[in-house]
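According to TrEMBL, the features are:
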BINDING   CYS100  substrate binding site
BINDING   HIS118, HIS120, HIS197  Zn(2+) binding site
DOMAIN    21-224  domain 'Class II aldolase/adducin N-terminal'
Amino acid sequence: MSEIDAADALVISTDPLHPANLIPELCASFYRLGWVTGTGGGICIRTGDKVYIAPSGVQKERIEPGHIFVLPYPQPSSPSPHTDRIFLRRPKLNLKESACTPLFWNAFEQRDAGSCIHTHSQNAVMATLLWEGDMFEISHQMIKGVRKGGNGPTLSYLDTLKVPIIANTPNEEDLKDSMAEAMEKHPDAAAILVRRHGIYVWGDDWQKAKTQTECLDYLFEIAVKMKLAGIPTVLNDQ
C-alpha cells in the first residue's frame, strides 16, 4: 500500500460510527439546526492517538469523509497560529483544517476531552449579549444533561450552571489563550462562550459533547426569553 493510500485509509470505513463518517453526519445535523451556517463552526473527534477534524471554509452540510483531516495526538507542541502542525492525512483538495484546531486542543489538554464542538448558535450569541459580565448563569432548569467540567458528575436541578464568557478576536485561532485561561480559572465549566460569536463545548466522546451542546443551547434559549421577560434566571433560595 502506498503512503497516500495508507493516509486515505484513515478516513475510509463502512462503519457509520467511524469519525470520518460521523463528522459529516453531525455537521449536516448542526447545519439544519442553524448552528453552523455559512461554513462557520466546527467539530473534532479524538480516538486514542488520532484526531479527526472537519475542514475550514466548506459548506458544513456538504462535507464528505474525504474532506477530513487527521492529526496525531499529542502533537510535539500545542497547535497555535505560530506553530507547525503534524498531519497523518490531508485531503487531496486544497482545503485547510478548521481554524478552531488550537481551541479544540485546549479541550484535549485541559479536560482530556474526546470531542469538541463549536457552534455559532444564535441562542448562544444572544446570551453573550444579554449577560454583560464574564459569566452566564442559570439555575433550576434542565441542567442534568451538563457535566461539571464537561466530563465530571452531572449537575442537578438545584445547581447553578455557570458558563464563562470571553471576548471575541478578529481571528479564531487567537482565542486559544483566553479560552485556556478561562478553562483554568473555572475548572467546573462545561463550555466557553465567545461574545458576539458562539460557543465551544466538549465531552468525553462525541455523544456527550453533542448532548451537552444540545442541553446548553436549550438553556441559552430559555434564559434569553426569561431575561427579556424580566424573569430572574437564578433563584436566590438555593
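Cβ atoms here come from the backbone N, Cα and C positions, even for glycine.
Per-site Cβ counts within 10 Å over the binding-site residues HIS118, HIS120, HIS197 peak at HIS118. Each residue contributes its Cα atom, and for CYS100 (substrate binding site) and HIS197 (Zn(2+) binding site) those atoms are 13 Å apart.
For the domain 'Class II aldolase/adducin N-terminal' (21-224), the model gives a mean pLDDT of 94.
Within 10 Å of the C-beta of CYS100 (substrate binding site) we count 27 further C-beta atoms, all protein chains included. Apart from the site residues HIS118, HIS120, HIS197, the chain places the Cβ of GLY40, GLY41, THR119, SER121, ALA124, VAL125, VAL194, GLY198, ILE199, TYR200 no farther than 8 Å from the centroid of the site's Cβ atoms, the recorded Zn(2+) location.
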